[in-house]
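Data first, discussion second: the structure below is written as structure tokens.
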């Protein structure tokens, strides 16, 4: 076993913060280091492009293609951009920057990030991850459907284009070209594309009370989707960062192809006019503003912790402010362009059927699996366009799915790094999540699975849930943590402060806009009806409300738990106001990064301003002023109220710690002589007690 003698000077050794190293510093012998075993690193993006593509893949998803264009035409065409842009600048960009900057600043996932920023609001982290878990379970079902359509497209004849298949009924009528104009169509006539969706893909039962048997073809497609997702994230950001080079960029190639093809079809201009034609009277409808607000939250993946997790793998000095502005422009621009690709094709379909576009325009899965496939069936070489479209749907959904999976894994592993970052435990934990979600998802690939899917979609990640989280985040950062302090944190990272208006958005505009939209959502709330017709039984609504309350109630329940179990005052539970700085997060002037490493030994100053790697050469003794400043630092472990002992001016005696070092992935790390107020562990101080001149069992 190799040993090093640690002296007041670091010049004769090379020490860096390395999570692969398990340290053991004796409580009685100052300065003996034993290297023991290795663990995995937490990881970091290899370059800026990987981060940008990963975030782009997360926020640019199916909602850009099948929700935004529909909302645009439904809510007044071009005038919908007015409330959309208002919510974008008042809520979208400020919250987007907030989440990414918090992740980058703390180098932590969504749970431990809030633990460090404000322990009283740690329930936000738990609540958002419950939402992410529900999203992982049901969102991937869309990929299973898309894979089924993709595989069905490799046939001599598109199966949803004709009524000659075994699953078609007698009322199936082919609306090919304009044949139906001079023919008599029965009132109960159905289209082949609708029958393919309901009778071939889903084999949908006629009642909510009947789940039926598992559709094994869909189950295999679901299994394929989970296998792909697992291997996209099984090595953390090392694998995710490479996968997004394809999954985040290739959909743009396909979208460009579909756009060019759509614009060359007859009737495309009518579809685009229908998409953008302004109706200013719609601005007086509150529903338009609510739709704009909820679309921002869905499209930008706000308040679910994914952005925090992705930002946590950034380098500390990454310009997250500029990244956020560019990504927001890209996201909204993609939504706008996708509307042209979709409505040009819908205009063509309406032209071919000699009907109004409003009768063929749909949103959500209805657009992806009914309206667009019907339009594709009318094109020359329909197989080619069907393959392109469903491949784009798969890649858009795949990005969002495996980034959510990465965020969920990051949140848990950051809570217990010493356990999960050892050996292959993280991969094993990821496998458990994937298998568990796959088994839960099997209920949605049954013959009645669509009923359960709509419950998940309507309640588990509802707009009201996201709005509530947004209000709490804004209040926490704007008023408890301090908007000015977060501005200082961002300045510490990027070298300058963002636009001053964002600070006022955090404090005023964002919570007010979100609260207004939240109240209006409550007033306008109606229970879910399947396809807006069929009511669910009482137990269906009970399941739905369980999805909603199981995430939102974690926030107040955690606050109550903290207040009841804390031995300190409310002020010790809440972060102190400026200039003292929040608990666990030193003032920017006193630190370089929350993940910095302050190696403190006899004769070495304990300061937060040290860089990530300890400086080479002699380090000057701490002055009396330094000692006082050090003593003012807030403790990290607020949850257990393990407060630092007071550091008396001029007292140079080291304070021993018997157990700790959770920042290093280790099971038995012991740090010896340490000055109070210093903290050498970097990322995740979980269990630590400091007492004067003695070791204390810190459990």
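Note that Cβ sites are derived from N, Cα and C of the backbone, with glycine treated the same way.
TrEMBL: automatically predicted annotations, no manual curation.
As written in TrEMBL, here are the features:
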type     : residues                        : note
TRANSMEM : 51-69                           : transmembrane segment
BINDING  : 57, 64, 299, 331, 396, 399, 400 : Na(+) binding site
TRANSMEM : 81-102                          : transmembrane segment
TRANSMEM : 123-151                         : transmembrane segment
DISULFID : 163-172                         : disulfide bond
TRANSMEM : 214-233                         : transmembrane segment
TRANSMEM : 245-276                         : transmembrane segment
TRANSMEM : 296-313                         : transmembrane segment
TRANSMEM : 325-351                         : transmembrane segment
TRANSMEM : 384-408                         : transmembrane segment
TRANSMEM : 429-453                         : transmembrane segment
TRANSMEM : 465-487                         : transmembrane segment
TRANSMEM : 508-526                         : transmembrane segment
TRANSMEM : 538-564                         : transmembrane segment
REGION   : 609-632                         : region 'Disordered'
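Distance noted between the C-alpha atoms of residue 400 (Na(+) binding site) and residue 172 (disulfide bond) is 36 Å.
Under a cutoff of 8 A between CB atoms, and with a sequence separation of 6+ in the same chain, the neighbours of residue 57 (Na(+) binding site) are 244, 247, 248, 399, 400, 403. Taking pairs at least six residues apart, the transmembrane segment (538-564) and the transmembrane segment (123-151) share three or more Cβ pairs below 8 Å and count as touching. Comparing 81-102, 384-408, 429-453 for CB pairs under 8 angstroms to the transmembrane segment (214-233), the maximum falls on 429-453. Taking the centroid of the Cβ atoms of 57, 64, 299, 331, 396, 399, 400 as the Na(+) site, the other same-chain residues with Cβ within 8 Å of it are 56, 58, 59, 60, 61, 62, 63, 301, 334. Among 81-102, 123-151, 429-453, 508-526, 508-526 has the largest number of CB pairs under 8 A with the transmembrane segment (465-487). Contact check: the transmembrane segment (508-526) against the transmembrane segment (81-102) gives at least three Cβ pairs closer than 8 Å, residues 6 or more apart, which meets the contact criterion. In this chain, the transmembrane segment (296-313) does not touch the transmembrane segment (429-453); fewer than three CB pairs sit within less than 8 A of each other, excluding pairs fewer than 6 residues apart. Between the C-alpha atoms of residue 172 (disulfide bond) and residue 64 (Na(+) binding site), the distance comes to 32 Å.
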